[in-house]
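Novice: Just dropping this structure here.
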Amino acid sequence: MKFIIKLFPEITIKSQSVRLRFIKILTGNIRNVLKNYDETLAVVRHWDHIEVRAKDENQRPAIRDALTRIPGIHHILEVEDVPFTSLHDIFEQTLPLWREALEGKTFCVRVKRRGKHEFTSIEVERYVGGGLNQHIETARVKLTDPDVTVNLEIENDRLLLVKGRYEGIGGFPIGTQEDVLSLISGGFDSGVSSYMLMRRGCRVHYCFFNLGGAAHEIGVRQVAHYLWNRFGSSHRVRFVAINFEPVVGEILEKVDDGQMGVVLKRMMVRAASKVAERYGVQALVTGEALGQVSSQTLTNLRLIDNVSDTLILRPLISHDKEHIIDLAREIGTEDFARTMPEYCGVISKSPTVKAVKAKIEAEEEHFDFSILDKVVEEASNIDIREIAQQTEETVVEVETVTGFGANDAILDIRSIDEQEDKPLKVEGVEVVSLPFYKLSTKFGDLDQSKTWLLWCERGVMSRLQALYLREQGFSNVKVYRP
């Protein structure tokens, strides 16, 4: 099989040296991503495209799908590479491949040609198009906005019959820009902002501030791993987790209620900047959007930025929530985000939207900064590939069931609001309500002689919580997916 990789247009307008560097990096990224699919795979770079050749036909769909998710690729062409001897030979090889697709449709032929030939590209289009029109009675030529476009590429004495065109995600190859550290919470915004920086050519590392216990961290780890595995697996990245509960406790005790949100964000930026400096990362990435919450006004954002010299990138600054959710749905993080607990929003009951620098600094004078230094020093740092290994090892231990036995009970772990809106009723089995955010403290109070089948609407949070309970030593948990 053969694929022709077309470059993102912004790469093609770079200077010769920069363009060659980008193409070289993209070629390496493709090799890194595809090496597990086919050991015989070959990746060859050219000035205006990259070729991927592989022998294992069973891997064709997987290779094609992986290529569409590598930053720097505008689109890929799945081609059949055959020799040709004449214009008529080109037509004869094109007819059987396209006959079925053209029946009852309007079409045109488009040819791209490289090398020296006795004919022009337009002459090939006319000859092949005329032949197809004659031999397929129900087909009709239409040069403007046809139903089907027959794409052919000719390179010296080889004919590339284009069997399919698949759009890539565009952007720059990862590694062409410097590393960044994304402050990831697992919600809609941080996942999308991380993706946008990967698409722009940055290797994205992840920093997670844990405010809600082990279950929250498990969920965020899986979001980070999903993003890396889907769009950035050509490079090794770090996942740094900082236990921020002591910092939150100090803020709740020492800081005025209205200033808590801004002070918390300032502490996060301070901590993330220390992590970035430790690993030589050039910038921080956040999912903040202007005016979305109280801490994201211009005044408050300026005060948050003031605590660090590290550049803070906010790719979503002008996006509205609906658009962000649409992007999350497009890249596949929507389900994760919908079931991710949000802890930051409950820290302050009456937050200020226009903080005063002197007042913020006065409040921070009460804060014990040794606590911040300690949590940064004790931060865990793992290779993101280890998350997959840990998850695979753990997932095997959590059984998913579609029915229930005599000693089983269903545990509805949705939030109270969701349960009131759509109560769960299952005949023949006891249904108990215990929201996910109470599992860590209340699950032990349940009847441990029963097997508890955790249930939520999408199955994401129930699986994460089952993993967490298993880690805590509870073996009587399964995931219920009818």
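For all residues, glycine too, the Cβ spot is worked out from N, Cα and C.
What Swiss-Prot shows for this protein is this:
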DOMAIN    61-165  domain 'THUMP'
BINDING   LEU183, ILE184, LYS265, GLY287, GLN296  ATP binding site
DISULFID  CYS344-CYS456  disulfide bond
DOMAIN    404-482  domain 'Rhodanese'
ACT_SITE  CYS456  active site, cysteine persulfide intermediate
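So that I understand the layout, could you describe where these features sit and how close they are to other parts?
Specialist: For the domain 'THUMP' (61-165), the mean pLDDT of the prediction comes to 93.
Summarising the environment of LEU183 (ATP binding site), the number of other Cβ atoms within 10 Å of its Cβ, over all protein chains shown, is 23.
All protein chains shown were included, and the count of other CB atoms within 10 Å of the CB of CYS456 (disulfide bond) stands at 23.
Following the DSSP three-state reduction, the secondary structure of CYS456 (disulfide bond) is coil.
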Novice: According to DSSP, does GLY287 (ATP binding site) sit in a helix, a strand, or coil?
Specialist: coil
Novice: May I have the DSSP-based helix, strand and coil counts for the residues of the domain 'Rhodanese' (404-482)?
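Specialist: So the counts come to 28 helix, 18 strand, 33 coil.
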Novice: Please report the Cα separation of LEU183 (ATP binding site) and CYS456 (disulfide bond) in Å, rounded to an integer.
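Specialist: It is 27 Å, counting Cα to Cα.
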Novice: Where DSSP helix means H, G or I and strand means E or B, what are the helix, strand and coil counts for the domain 'THUMP' (61-165)?
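Specialist: Looking at the domain 'THUMP' (61-165) with DSSP, the answer is 38 helix, 38 strand, 29 coil.
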Novice: Including all protein chains shown, what's the count of other C-beta atoms within 10 A of the C-beta of LYS265 (ATP binding site)?
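Specialist: Result for LYS265 (ATP binding site): 22 neighbouring Cβ atoms inside 10 Å.
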Novice: How far apart, in Å, are the two Cα atoms that lie farthest from each other among LEU183, ILE184, LYS265, GLY287, GLN296, the residues recorded as binding ATP?
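Specialist: Across LEU183, ILE184, LYS265, GLY287, GLN296, the widest Cα separation comes out at 16 Å.
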